[in-house]
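Trainee: Dropping a structure here in structure tokens format, bear with me for questions.
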Amino acid sequence: MTNNPYFGILLSYGCYLVGVKINQKFKTPVLNPLLIGIVLTIAVLVGFGIDFETYNMGAKYITFLIAPTTVALMVELYKNLDILKKDIVPIIVGIVVGSIVAVSSTLILCKVFGLSEKLTTSFIPHAVTTAIGMPLSEQNGGNPTLTIITIMLSGILGATIGPVILKVLGIKSPVAKGIAIGTASHAVGTSKANEMGEIEGAMSGLSIGLAGLVTVVLMPIVLKFL
């Protein structure tokens, strides 16, 4: 059964579905469906001694969908083009500054803690979507697997505590909320932004692409400081 490509797909979907049900029951951002799904999937693989290659026979098809799913997020942006045209300067400035802070702060922290060049290169793309971060890490000598883990953690943390931080800071603008969440926590955060509102989701979706572009340009520059 495990040698069937459907195994990885069904296991991933089933574990995520359990995560959704748990989240709906307890209604707390801490119990993020994606986080629960990941933990359950790992538990099943480890518990039954199933190796990653066997699981990935089917799971790789889900991974393939990351890129087109990210592109599909632009649908909400298209619906709100009038808002983009009205506030285009602050929107672009916000995303660019947020991306610069994400990259530079990661570099500084890695140097403070004395991490190796390979680890630093793996951590820097943590704030961009997997479709961009994984190849960016690999091309610059990082560890793509480690990069994926940091991207997932950034997304989950952003989706979980991002709205709380925005509330504490008294930020009420749906545009600002979407930009902040999307720039910091990419596609996972955007799913949360879509729950908050249509404008938040649209702005968060825009942030994914632009933040990725800024990171692609910045990464070779900051790596010179290693």
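Cβ from N, Cα, C; glycine included.
TrEMBL lists 6-23, 30-50, 62-81, 88-109, 146-169, 202-223 with the feature transmembrane segment.
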Trainee: May I ask which of the stretches 6-23, 30-50, 88-109, 146-169, 202-223 has the most CB pairs under 8 A with the transmembrane segment (62-81)?
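Mentor: Ranking 6-23, 30-50, 88-109, 146-169, 202-223 by Cβ pairs under 8 Å to the transmembrane segment (62-81) puts 202-223 first.
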Trainee: Would you kindly list the residues that approach the transmembrane segment (202-223) from elsewhere in its chain, counting only those six or more residues past its ends and only Cβ-Cβ distances under 8 Å?
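Mentor: Same-chain residues near the transmembrane segment (202-223) but 6 or more away: 70, 73-74, 76-77, 79-80, 83-84, 91-92, 95-96, 98-100, 102-104, 107, 121, 124-125, 127-129, 132-133, 136, 140, 174-175, 177-179, 181-183, 186-187, 189-190, 193-194.
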Trainee: If we skip the immediate neighbours and take only residues 6+ beyond the ends of the transmembrane segment (146-169), which ones have a Cβ under 8 Å from one of its Cβ atoms?
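Mentor: Same-chain contacts beyond the flanks: 29-30, 32, 34-35, 38, 119, 122-123, 125-130, 133-134, 136-137, 176-177, 180-181, 184-189, 191-192, 196.
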